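Novice: Supplied in structure tokens, the structure appears directly below.
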Amino acid sequence: MKEQLVNSVFFGAAITMVTFYIGELLKKKYKHPLVNPLLISIVAIIAILVIFKIDFNSYNNGAKYISFFLTPATVCLAIPLYEELQHLKDNWLAIMAGIISGMLSSAVTILVLSIAFKLNHQDYVTLLPKSITVAIGMGVSQELQGIVSITIAVIIITGILGNVVGEFILDKFNIKHPIAKGVAYGSSSHALGTAKAMEIGELEGAISSLSLAVTGVLTVGVASVFANFL
């Protein structure tokens, strides 16, 4: 019975959706930043695979179909962007300055910490795409010959941290402007940060969507340049 269930193409997709849905219910009930649906889903899936000794490939047979929708889902973020087009036109210079600053500060921080902790070149380039979406980050990591599986994990962790502590940090630094919030979320914590920005407001979500896309595109070039520094 277990073999039939695990080998089904629906198994991976089913437990992914069920655990995420449970995470959403818990989030609505407890309304705490640490009660994050994605984090709950990841922990629950790992626990299920370990406890029941299920091979990751068996899980991924079904889960890969959900991964397929990563790119289309990212493209859909253009909808709120279009709805707030006038704000983008009026503030394009400030938005671009914020995006570029965020992207460069991320790359410089990774370089400095990699030197400080004496990471090798492969580990260093593995971390460079940490602030962009998984769909783009995987390609960047592969192109730079990093460890793609670790890149994915780092991207997810970055997104969760931005989603969970982003609002707290913005409050501590007294950052109130919706455009500043949107740029901060989108350029630092990609789609998960954008999801949080959309919860805060439509303008924040739209700016975060733009920041996410532009950061992803620019990081492809910037990461290639910074890869030569170590």
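Note that Cβ sites are derived from N, Cα and C of the backbone, with glycine treated the same way.
Quick paste from TrEMBL:
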- 6-26: transmembrane segment (TRANSMEM)
- 38-56: transmembrane segment (TRANSMEM)
- 62-82: transmembrane segment (TRANSMEM)
- 94-117: transmembrane segment (TRANSMEM)
- 147-170: transmembrane segment (TRANSMEM)
- 206-227: transmembrane segment (TRANSMEM)
Novice: Do any residues of this chain, six or more beyond the ends of the transmembrane segment (62-82), have a C-beta under 8 angstroms from a C-beta of it, and if so which?
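Specialist: For the transmembrane segment (62-82), the far contacts come to 8-14, 16-17, 88, 133-135, 191, 194, 198, 202, 205-206, 209-210, 212-213.
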Novice: With pairs closer than 6 in sequence left out, are the transmembrane segment (38-56) and the transmembrane segment (206-227) joined by 3 or more CB pairs under 8 Å?
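Specialist: No, these stretches are not in contact.
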